[in-house]
Amino acid sequence: MTSIDKQKERLEKLARWKQKKSESKAVLNTQNVNTNSQSSNQNNVSDIENKLEKVKAWKKRKLEVKSDQQTPPATQSEINHTSSVRLEENIQGIKRKKRQKRVSNVFDEVKPINSTPTNDAQLSESDILEKVDLNTEDPLDSFFGNIETTEEFHFEVIDNKVNNDELLDEDNSKFDALQKEQKKLAKAKKNKNKKLLTPVNFRNIDLDPISKCLYNEPEEIKSYTEDEIADLRLDLDNIKIEGKDCPRPVTKWSQLGIPYDIIRFIKDVFSYKSLTPIQTQTIPAIMSGRDVIGISKTGSGKTISYLLPMIRHVKAQKKLRNGETGPIAVIFAPTRELAVQINEEVQKLISDLDISSICCTGGSDLKKQIDKLKTGVEIAIATPGRFIDLLSLNGGNLVSTLRISFVVMDEADRLFDFGFEPQIASVLRTVRPDRQCVLFSATFPSKVSNFASRFLDSPLQITVNAEGMVNERINQKFTICSDESDKFKELLSLLKVFNSETVDEKTIIFVSSQQICDIIEKRLTDYSEKLYSIHAGRPYNERRQNLELFKKTSNSILLCTEVMSRGLNVPEVSRVILYNSAKTFAQYVHSTGRTARGTREGTSISLLLPNELSSAYILNKAMRDKDFSECPVKEVKNLKQMAQKFEDGLKSGKYKLSTGLGGKGLENMDNSKETSNNDLDEQLKHQDNISISQEADLPDDFKFDTSVETVTNADGTIATVCKFVVNDLPQLVRWEMTKNTSISNMIRETGCSITLRGRYYPPSNVTNDNNTEPKLYLLIEATDDKAVRHCVDLLKDNARVGFMKATSESLRNTKY
């Protein structure tokens, strides 16, 4: 029975006793009026005597205190003895008072023996009290007995505080000691709920070797220079690396050595048409066997970043023997909801593999989890508390950690915020020391950093963060123009403002090609006498001379191509205008970096067209809040809408963000830019009567000669076959499509068989004789129709690269 129930019972009894008391008093009042009056007088006299005794006792205590002050100081032992004696006296006095009070209450509520008049009716209260059996235990006495200790403690403290300072100090010390003891017990009870495991000494344990390095860098990635890799990481949302010997990032799923059916599954089921920035760098690093710390915002594809390497790691290890429960890989999640979500993703990836997984979370059926663990599982997704519960069952003999060689901590910052650090550390102390640990987090607080330094072996810290890629002293601006004519007018208005300034503030205008540079120079000559232009098509002496004049002339203007942005270092440049908006993050950073050199400040202005979605995406990523606050609200809204449209296209595979590697014209985002350049050429050609040839994508009336059919092989299997005729394509296009590196990359990415067949016929020597060998073509074969079609798309992309190269070659041969 709880204290609340006892209190309720006490109140009910009190109510019944009060009722009986009132009845008994009524009877006594009618029969013994005289006796009551005498008894009342006696009570008044006794009350007065009690008060006098209290006054005498108070005076006596006061005299004792004064005498104590006059006597010499006592020793500590005497003080302690005196305090204990007085404390005992106070306790005994309080007990006597409480006993008297309880007896008085009993007397007040005693039921008369007879309700009718008797010879003993004239009894006094003292006589009645003598007849009461005080040895009988009363329920009310029992209740007071239960709470007596607490009440005595409180009365004791109050009495000591009023009467004796020494007793108060001693009592406070006892109270503080009691509080400390209670806190200690509460802490011990709390720690009791946190189960920790005993560390394992692996020195005397013979462990099976594990395979961790499962990645071979493709030749395509090896061919990149260090500067190109730096630009690539900059394009990929400004990836930052801390650590030594980090593998280079990849740009395609096929470069990871993953089978095509897995690649297609990832693209179709997980909707990752291309790798996200965090995936491009962390997957090669984890597959190389390194401990990795991945820091990226939520929703950036971190789950796939560790699931793919984890599954490959599990497949590379020895299978579980009979009687081994596993697991080989463990994923820790902070919440059961996240653990269930991760398990669903794992189930999708291992559906066709000989791998099993289990989700171990609190609140779920423990018996089912135990039964499944007994059969053996390779992957465990768990919350730390439940996993330790499983490891502690049956004296720690149910689940063994000896086979664990891959550990993942997802959302590590939340894991540690929830207080799971001791549990995870306890588990890791039971796992083999040569394990591979992967840690992913949206933030990287100090407690996560300290944990990583203790349990991870020379980790690579990979941070994806687009913020901060542009110099903080650069004020970034933009203008969205309706068409090319409007953009040129905007350029003129900007230059007009700049020319009116008296301070030497130079301006650089970046354009996308040599042809546009020449056209803009011709049109701007009438507006400024301080205009100089340089590009790679000009003789070296002319470029050097124009650059020197630009440096010496105040308020001068330099017109150049994007390629020249790296080699320019003019401290006086205070403004940069991107007439043709940047195609890549690296290009934007290098172009805007020509201003705000040293400790100076500068401004960058980007001129965009409504169809340049990729440029809007780059600007939206690179600009800071303070930059947006200085731009018109309507312009900012339009820019964000364009950026969101491009981001949606990235997820659906409609668009691809250029990385500046692999040639131009491959990405869908570049088509709009090439179209806008053609529009500019057409307008300027009519206005200035200038004949120019602009780079094009593909001829408008051009069509590829392809045919796809389904055939049945001799063994009964059905295959898809495609003939891609390359005979009639320009020479540079054929070379680009059929060179060994292109063919090997496509075979690795699609899994198709690609062979070159037929013979080459010049355009003037084509025969229709069926007996002759067919025209030169590529034969593409695969059992999967989608793989064949994907291979055809890659061939068309290579053809576009070839057309771009052919056009550029023609321009170089005919311009001068």
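Heads up, the Cβ atoms here are built off N, Cα and C, so glycines get one too.
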Swiss-Prot annotation of motif 'DEAD box' - which of the ranges 94-97, 118-121, 410-413 it falls on: 410-413
Contacting positions for the motif 'Q motif' (251-280) when only residues 6+ beyond its ends and CB under 8 Å are counted: 215-216, 218, 220-221, 232, 236-237, 239, 287, 294, 296, 300-302, 304-305, 308, 345, 348-349, 462, 464, 650-653, 656, 659, 661-662, 745, 748-751, 784, 786-787, 790
Segment-level pLDDT (mean, integer) for the domain 'Helicase ATP-binding' (283-462): 91
Additional residues around ATP, ordered along the sequence, whose Cβ is within 8 Å of the centroid of SER296, LYS297, THR298, GLY299, SER300, GLY301, LYS302, THR303: THR276, ILE278, ALA442
Secondary structure of LYS302 (ATP binding site) (DSSP, helix/strand/coil): helix
Helix, strand and coil totals (DSSP H, G, I; E, B; other) for the motif 'DEAD box' (410-413): 2 helix, 0 strand, 2 coil
Residue counts (helix, strand, coil, in that order) that DSSP gives for the motif 'Q motif' (251-280): 18 helix, 0 strand, 12 coil
Counts of helix, strand and coil residues, the compositional bias 'Basic and acidic residues' (1-24), according to DSSP: 22 helix, 0 strand, 2 coil
Under 8 Å by Cβ from SER300 (ATP binding site), counting only residues of that chain that are 6 or more apart: THR276, PRO277, ILE278, VAL464
